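Colleague: I am attaching a structure below and will ask some questions about it afterwards.
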Amino acid sequence: MPKFYCDYCDTYLTHDSPSVRKTHCSGRKHKENVRDYYQKWMEEQAQSLIDKTTTAFQQGRIPPNLFSAPPLGGPMIPPPHPSMMGPPPPGMMPVGPPPGMRMPMGGHMPMMPGPPMMRPLPHPMMVPTRPVMPRPDR
């Protein structure tokens with residue numbers, strides 16, 4: 001009879017049946033081994049990302065600080081007007097008024113309605129019913 005091998009636990013089960021696998025997979029040691037396996041995998045992925053970022057930085061492909069302020073005394077360039085930037089990328093909602101529409105006096109955008117709020121479903125209630133009476137034969 002074929003045996004079932006558990007990669008997480010590095011062990012063979014007594015035999016390959018659904019009940020044996022279910023019992024094994026619901027056990028404390030198996031769950032710990034699965035958790036440890038994925039924890040180790042996540043740490044390896046994080047370390048790989050750190051190494052790639054460090055290598056790219058050392059090769060000069062990443063600037064020293066992406067979010068640095070402009071140098072003191074340097075020119076302050078205002079952000080472009082929203083209508084000058086062109087359409088938003090696909091899947092993004094446009095920000096600001098449509099092209100050709102001016103802002104209202106005071107410079108504030110009117111509040112745009114958001115998606116409708118979902119109300120919580122009412123709790124099911126017991127509906128009183130009359131007892132069913134047997135009908136007399138007609």
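The backbone N, Cα and C atoms fix where each Cβ goes, and this holds for glycine too.
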Colleague: Using Swiss-Prot as the reference, determine which range in 24-61, 62-99 is annotated region 'Disordered'.
Modeller: 62-99
Colleague: Quick one: pull the CA-CA distance for S17 (phosphoserine) versus Y8 (phosphotyrosine), whole Å only.
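Modeller: Checking the Cα atoms of S17 (phosphoserine) and Y8 (phosphotyrosine) gives a distance of 18 Å.
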